[in-house]
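Below is one structure, written out as structure tokens; comments come after it.
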Amino acid sequence: MAYSWDNRVKYVVRYMYDIDNNGYLDKNDFECLALRNTLIEGRGEFNSDAYANNQKIMSNLWNEIAELADFNKDGQVTVDEFKQAVQNLCCGKSFDGFPPCFKTVIGRLFKTIDINGDGLAGVDEYRLDCISRSAFSSVKEIDDAYAKLCTDDDKKAGGISLNRYQELYAQFISNPDEKCNAVYLFGPLKEVQ
């Protein structure tokens with residue numbers, strides 16, 4: 001159940017975008033994401049120009065996501081609305097077929113994971129990304145998930161490139177197969193309540 005399509009989409013809403021933990025997406029989440037991304041990209045340093053840029057990007061993203069997924073136009077995107085939007089707009093498609101706002105979100109997320117800026121998400125960055133959202137008592141659990149996620153080419157390259165990350169993310173939210181390696185993109189999953 002933890003790797004079912006339904007749970008993966010719930011996971012994305014709950015742990016990736018519902019920053020204020022109120023159970024739905026709204027404008028505030030994207031305002032908080034602007035600050036979060038600015039601080040992560042600056043490795044803790046606050047840059048007002050980068051923040052202004054991130055505010056603009058996240059405001060535009062919220063407006064696009066609200067247009068695509070806020071079906072009842074109440075200023076909130078519930079988990080069910082988000083799932084319906086993903087099903088309508090993403091299921092069965094590769095990254096290239098996704099709406100522009102989804103592509104932007106995925107690219108911005110990769111930037112927050114690639115802490116050292118080398119263009120790859122290595123095991124060290126993967127570990128940090130995983131523990132920022134979930135509790136683990138053993139690094140082996142995280143490392144095993146990374147090993148299942150990576151192909152031989154990823155391992156030779158030293159990590160997951162942006163292009164590979166984009167395709168993995170696309171599979172994570174659009175592929176119903178619980179056994180595809182993309183289900184490990186965000187680490188070992190637990191069932192979202």
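The backbone N, Cα and C atoms fix where each Cβ goes, glycine too.
Listed in Swiss-Prot:
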DOMAIN    16-40  domain 'EF-hand 1'
BINDING   D18, D20, N22, Y24, D29  Ca(2+) 1 binding site
DOMAIN    57-92  domain 'EF-hand 2'
BINDING   D70, N72, D74, Q76, E81  Ca(2+) 2 binding site
DOMAIN    101-136  domain 'EF-hand 3'
BINDING   D114, N116, D118, E125  Ca(2+) 3 binding site
Exercise. For Q76 (Ca(2+) 2 binding site) and N22 (Ca(2+) 1 binding site), determine the Cα separation and express it in whole Å.
Key: 10
Exercise. Specify the count of other C-beta atoms within 10 Å of the C-beta of E125 (Ca(2+) 3 binding site).
Key: 19
Quiz item: In the structure shown, which of the binding-site residues D29, E81 has the fewest Cβ neighbours within 10 Å?
Solution: E81
Quiz item: In the predicted model, what is the mean pLDDT computed over the domain 'EF-hand 1' (16-40)?
Solution: 94
Self-check item: Check: same-chain CB within 8 A of Ca(2+) 1 site center, minus D18, D20, N22, Y24, D29
Solution: Y17, I19, N21, G23, L25, D26, N28
Practice problem: Using C-alpha positions only, work out which of the binding-site residues N72, D74, D114, D118 is nearest to D20 (Ca(2+) 1 binding site). | Solution: D74
Quiz item: Would you say which of the binding-site residues D20, D70 has the most Cβ atoms within 10 Å of its own Cβ?
Solution: D70
Exercise. Within 10 Å of the Cβ of D18 (Ca(2+) 1 binding site), how many other Cβ atoms can you find? Include all protein chains, please.
Key: 20
